[in-house]
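Remarks on the structure that follows.
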Amino acid sequence: MAEFAEFIAAIDQGTTSTRCVIFDHNGAEVARHQLEHEQILPRSGWVEHNPVEIWERTASVLMSVLNATNLSAKDIAALGITNQRETTLVWNRNTGRPYCNAIVWQDTRTDRIAVALDRDGRGEVIRRKAGLPPATYFSGGKLQWILENVDGVGAAAENGEALFGTPDTWLLWNLTGGPRGGVHVTDVTNASRTMLMDLEKLDWDDELLSFFSIPRAMLPAIASSSPLQPYGVTLADGPVGGEVPITGVLGDQHAAMVGQVCLDAGEAKNTYGTGNFLLLNTGEAIVRSGNGLLTTVCYQFGDAKPVYALEGSIAVTGSAVQWLRDQLGIISGAAQSESLARQVVDNGGVYFVPAFSGLFSPYWRSDARGAIVGLSRFNTNAHLARATLEAICYQSRDVVDAMAADSGVRLDVLKVDGGITSNDLCMQIQADVLGVDVVRSVVAETTALGSAYAAGLAVGFWAGPSDLRANWQEDKRWTPTWGEDQRAAAYAGWRKAVQRTLDWVDVS
């Protein structure tokens, strides 16, 4: 750690934007800079990002936040990275040029690959070894698609010229030199989202690679989330302007777990973003799900044993509110969803299931599509706004119930973070739907904070978990107001609505 370095920098490379946040010893945000990037939608179901644009945005936010605070590399003890998971990039080792756009986690072009895996029995092997169901969500199928459909990638992959990575790997490679010797590495949390890593061995699995015809030569090394030795060091002529060790990498939802200090078995958090991601810490135990959840690595610090988690991934939550704004035009901004929904006392019998790209946890139905059910002439825009907020909360209830069935753990409190947590009505509905207290922390940027914690622990900026727990502070708490009968009746309506969305698209 630099002698007078008083800060940790964290890069948060997300689905819609990239930000850099500076934190102090108290885990308090000192400064941030954020830039959005283009969402490329070539055809229905396809979602892409430009890797070069993402790298340029990352470099820009790094330089901007340092300039705005008059800080330099010598003030930064370490750099952490957190990122959108599963998004798949392939680039040339010698030139640094991507072979194609990144295929984003939301992209569904690989639906037939996923169906074929389940049909011939390979899906059960993937579930057993990787902890994941075959789905369009994960990187393995996306990488197979690139190898099969992008000219030149297959041959380049065989001879080691083509490199695969999720956004963390792409940023690490560029920050540490790119074609001039950049490191090609990922962490265990990101690797656990590919369908290619054995959860127990924490290494790429040859049988899983064979399912997707992926050459091992193109894969990054797998390291701890907070390794004993840095992943690498930023270059003096790079965007940081000096040498700073990169010592923490976590997929975004794993980073939020660390940022929320959910470090003990039985603790859970729910992140509300484009989608929702609810994780339950299961300690050193690998809990296999029989109820549609994912088994994943939560984090690994140093050379300690990894900590695992159960995860419920929900594809469409915050983006459903964006749909009200951008496609229907019934609100002018996300904040208006609350004021509009408050014009009614309930949903008026309306349920909205936003299965725009199918349903993720716990259903895993790529054949589902969105539906608004229960409409009558009595209903208004306000009922639809209310139903949209409720859909976010009911989908989370689906996951919480599945977690209880898999783990035997029933929550008594749920920590929450993400943009929608500023919507008081939505958080009150969440407490009512779950029947447990919902708690928001003071620091809103828990994802960036988690990667900062991972980086800081590696260099002694924080001594250990007790320091992180001391930093966590409650900002607001919502307590349930519904009775059990109301809760049960409302949720039964939701489950009925979900059934109406199934078998809509032929993915056979």
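Each Cβ is built from the backbone N, Cα and C atoms, and glycine gets one as well.
Annotation source Swiss-Prot lists ADP binding site at Thr15, Arg19, Thr274, Gly318, Gly419, Asn423. Positions annotated as ATP binding site by Swiss-Prot: Thr15, Thr16, Ser17, Thr274, Gly318, Gln322, Gly419. The sn-glycerol 3-phosphate binding site feature in Swiss-Prot is assigned to Thr15, Arg85, Glu86, Tyr137, Asp252. Look at Swiss-Prot and you will find Arg85, Glu86, Tyr137, Asp252, Gln253 tagged as glycerol binding site, backed by sequence analysis.
According to DSSP, Arg19 (ADP binding site) sits within a strand segment. Among the residues Thr15, Thr16, Ser17, Thr274, Gly318, Gln322, Gly419 said to bind ATP, no two Cα atoms are farther apart than 15 Å. Take the mean position of the Cβ atoms of Arg85, Glu86, Tyr137, Asp252, Gln253, the recorded glycerol site; other residues of that chain with a Cβ within 8 Å of it are Gln84, Thr87, Trp105, Arg193, Gly251, Phe277, Ser313. For the pair formed by Glu86 (sn-glycerol 3-phosphate binding site) and Thr16 (ATP binding site), distance between Cα atoms is given as 14 Å, rounded to the nearest Å. Taking the centroid of the Cβ atoms of Thr15, Thr16, Ser17, Thr274, Gly318, Gln322, Gly419 as the ATP site, the other same-chain residues with Cβ within 8 Å of it are Gly14, Gly273, Ser319. It is 24 Å from the Cα atom of Arg19 (ADP binding site) to that of Tyr137 (sn-glycerol 3-phosphate binding site).
Listed in sequence order, the binding-site residues from Thr15, Asp252, Gln253, Thr274, Gly419 having a Cα within 10 Å of the Cα of Gln322 (ATP binding site) are Thr274. The maximum pairwise C-alpha distance among Arg85, Glu86, Tyr137, Asp252, Gln253, the residues recorded as binding glycerol, is 15 Å. Neighbour list (Thr274 (ADP binding site), Cβ cut-off 8 Å, at least 6 residues apart, same chain): Thr15, Thr16, Gln106, Val316, Thr317, Gly318, Ser319.
Secondary structure at Gly419 (ADP binding site), taken from DSSP and collapsed to helix, strand or coil, is helix. In three-state terms derived from DSSP, Arg85 (sn-glycerol 3-phosphate binding site) belongs to neither a helical nor a strand segment and is classed as coil.
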